[in-house]
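**Student:** Below is one structure. I have some questions about it.
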Amino acid sequence: MKDWLDSVNWNADGLVPAIAQDATSGRILMMAWMNRESLRLTAEKQQAIYWSRSRNQLWHKGETSGHVQHVREIRLDCDEDVIVLQVVQEGGIACHTGRESCFYRVFRNGEWVAVDPVLKDPAEIY
């Protein structure tokens with residue numbers, strides 16, 4: 001029997017991009033990387049666990065901040081090389097900047113403009 005993880009088209013580093021999407025609103029919250037172990041653990045625990053390329057270790061989202069992502073559904077795209085996690089974001093903050101989403105800047109008139117408020121000072125989170 002084929003392991004379901006073998007269906008994922010992992011990159012040369014054994015990673016796949018994973019997009020966290022709010023399960024209710026559909027808003028994109030963040031993008032991170034997953035390896036086989038983090039995707040397996042995410043499916044098992046129903047909480048988002050990513051692979052930190054900078055720390056070279058598993059990263060259980062919310063372990064430090066309390067902003068855990070509860071996974072409602074895991075999707076694989078048609079090319080099998082991108083994962084979407086539909087999540088319920090505990091605390092309403094996904095971004096390390098203290099915002100709901102990491103995608104808080106909009107390109108307007110030739111520059112990037114922050115359009116989403118900081119919900120909590122990152123110094124109070126970390």
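Cβ coordinates are placed from backbone N, Cα and C, and glycine is handled just like the others.
These came from Swiss-Prot, pasted as-is:
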{"type": "BINDING", "residues": "Asp77, Asp79, Asp81", "note": "Mg(2+) binding site"}
{"type": "BINDING", "residues": "Cys78, Cys95, Cys102", "note": "Zn(2+) binding site"}
**Student:** Among the binding-site residues listed here, Cys78, Cys95, Cys102, whose Cβ has the fewest other Cβ atoms inside 10 Å?
**Tutor:** Cys78
**Student:** When a 10 Å sphere is centred on the Cβ of Asp77 (Mg(2+) binding site), how many other Cβ atoms does it contain?
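**Tutor:** The answer is 13.
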**Student:** Fill in the CA-CA distance, Asp81 (Mg(2+) binding site) to Cys102 (Zn(2+) binding site), as an integer in Å.
**Tutor:** 21
**Student:** What other residues of this chain sit with their CB within 8 A of the center of the CB atoms of Asp77, Asp79, Asp81, the recorded Mg(2+) site?
**Tutor:** Asn9, Leu76, Cys78, Glu80, Val82
**Student:** According to DSSP, collapsed to three classes, what secondary structure does Asp79 (Mg(2+) binding site) have?
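**Tutor:** DSSP call for Asp79 (Mg(2+) binding site): coil, neither helix nor strand.
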**Student:** Work through the binding-site residues one by one (Asp79, Asp81) and point out the residue whose CB has the fewest other CB atoms within 10 angstroms.
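**Tutor:** Relative to the other binding-site residues in Asp79, Asp81, Asp79 has the fewest Cβ atoms within 10 Å.
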**Student:** What is the interatomic distance between the Cα atoms of Cys102 (Zn(2+) binding site) and Asp77 (Mg(2+) binding site), given in whole Å?
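**Tutor:** Between the alpha carbons of Cys102 (Zn(2+) binding site) and Asp77 (Mg(2+) binding site) there are 21 Å.
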